[in-house]
Amino acid sequence: MTKKNLAVCSFCGRSEKDVEKLIAGPSVYICDYCIKLCSGILDKTPAPATQEIATSSTSSPTSLRVLTPKEIKRHIDSYVIGQERAKKTISVAVYNHYKRIRALMQDKQVSYGKSNVLLLGPTGSGKTLIAKTLAKILDVPFTIADATTLTEAGYVGEDVENIVLRLLQAADYDVARAERGIIYIDEIDKIGRTTANVSITRDVSGEGVQQALLKIIEGTVANIPPKGGRKHPNQEYIRVNTENILFIVGGAFVNLDKIIAKRLGRTTIGFSEETDLAVTNRDHLLAKVETEDLIAFGMIPEFIGRFNCVVNCEELTLDELVEILTEPANAIVKQYTELFEEENVKLIFEKEALYAIAQKAKQAKTGARALGMILENLLRDLMFEIPSDPTVEAIRIEEDTITQNKPPVIIQKSPEAIA
């Protein structure tokens, strides 16, 4: 495209390639530099120089604090039980992302490649929780998106570039900060092709979405509508370069273990049974995943090729589910205990009851996600009655409460305490 075909600012003459935003009006354009200049004049304050505007939203190299992999993992450990290999992989990838940003800010001649991460594993194993925990500790903008809501351009649904808009919003519309952020996309396996053969019809939610995501993952200058939605002529856009954004994607990839077993020449007999041996075999197979297995599942080679780190989250054991109930900083048992303490009532869980809850969650086959529902159903009636009953001192949850549906043990206050 020749320069005369590029839109240019009607005031300073800069082309759309030289500015972050170029706002269009009827036969006229104005760039972000001129807007800031005019704003300074209107406020009767000196307008910043062009170079200062270009760098004002970019932190200096020394201001970017780089957490070590051990520091990152220690923060994740406070909320996520198990998944040691996945947590180490994520910690190293994020650490290298920080170093890459700092190298770019220092204009080093040697540039580091992105280590985009693909997390695979069963529902409720902690993939999304790892991502949400990262959002709490990182000094870069972070956003989470759901791949199942995405469609390729021209179809009803969410445009892929809206993911970048969310990151921009997380950065308070600071383009420079957004361009060094991290995006987590959940349920990525749901956009796999349903067949290995290329369809002659349009694939609205599969390969087409992978192709659209591929563009922003490998790096492009995306024109983002500030308020989201579909693009239309004469609309204002914000230009965001996605080249240095780190992408982490996760998915359950159901039956991927069988594809791996077929490649390795192993049998999967008994894998449908949720025995400890079957789970161990499945986790062992997922640890041996190769690019060809993911392609056979329905992911396109170009998409998978953008993820240097592929790591599986193992199915949670019974002991790990019990730990999730009680150990993390925001453990669900701690949450309910505090809720009852506000009513001056002690909530006591016997050890056997905790294991019974964990076993019930394991049978639900949704991992840690089932724990909250089980406790909510268990304690709902008590939370309704207790605020109106000043005679209750404590509630004890026993194993039979879970396995036999017996009511919890209610311990009454002494008459003197009530008086």
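The backbone N, Cα and C atoms fix where each Cβ goes, and this holds for glycine too.
As annotated by Swiss-Prot, domain 'ClpX-type ZB' applies to 1-50, with the evidence given as sequence analysis. The annotation Zn(2+) binding site is assigned in Swiss-Prot to Cys9, Cys12, Cys31, Cys34 on the grounds of sequence analysis. Annotation comment: Swiss-Prot describes Pro122, Thr123, Gly124, Ser125, Gly126, Lys127, Thr128, Leu129 as ATP binding site.
Neighbours of the Zn(2+) site: apart from Cys9, Cys12, Cys31, Cys34, residues of the same chain with C-beta atoms within 8 angstroms of the site's C-beta centroid are Ser10, Phe11, Gly13, Arg14, Val19, Leu22, Tyr29, Ile30, Asp32, Tyr33, Ile35. Comparing C-alpha positions, Gly126 (ATP binding site) sits nearest to Cys31 among the binding-site residues Cys9, Cys12, Cys31, Cys34. Taking the Cα of Gly124 (ATP binding site) as the reference point, the closest of the binding-site residues Cys12, Cys31, Cys34 is Cys31. Cβ neighbour counts within 10 Å, taken over all protein chains shown, single out Cys31 as the most crowded of the binding-site residues Cys12, Cys31, Leu129. A 10 Å cutoff on Cβ-Cβ distances gives Thr128 (ATP binding site) a total of 18 other Cβ atoms nearby, all chains included. Counted within 10 Å of its Cβ, the other Cβ atoms near Cys34 (Zn(2+) binding site) come to 19, all protein chains included. A 10 Å cutoff on Cβ-Cβ distances gives Pro122 (ATP binding site) a total of 22 other Cβ atoms nearby, all chains included. Annotation note: Cys34 (Zn(2+) binding site) sits in a helical segment as assigned by DSSP.
For the recorded ATP site, residues Pro122, Thr123, Gly124, Ser125, Gly126, Lys127, Thr128, Leu129 set the reference point as the centre of their Cβ atoms, and the other residues of that chain within 8 Å of it by Cβ are Gly121, Gly250, Cys313, Gly367, Ala368, Arg369.
Distances between the Cα of Thr123 (ATP binding site) and those of the binding-site residues Cys9, Cys12, Cys31, Cys34 are shortest for Cys31. Counting neighbouring Cβ atoms within 10 Å of each of the binding-site residues (Cys9, Gly124, Ser125, Gly126, Lys127), the lowest count belongs to Cys9. Here the CA atom of Cys31 (Zn(2+) binding site) lies 41 Å from the CA atom of Lys127 (ATP binding site). Averaged across the domain 'ClpX-type ZB' (1-50), pLDDT for the predicted model comes to 65.
A 10 Å cutoff on Cβ-Cβ distances gives Thr123 (ATP binding site) a total of 18 other Cβ atoms nearby, all chains included.
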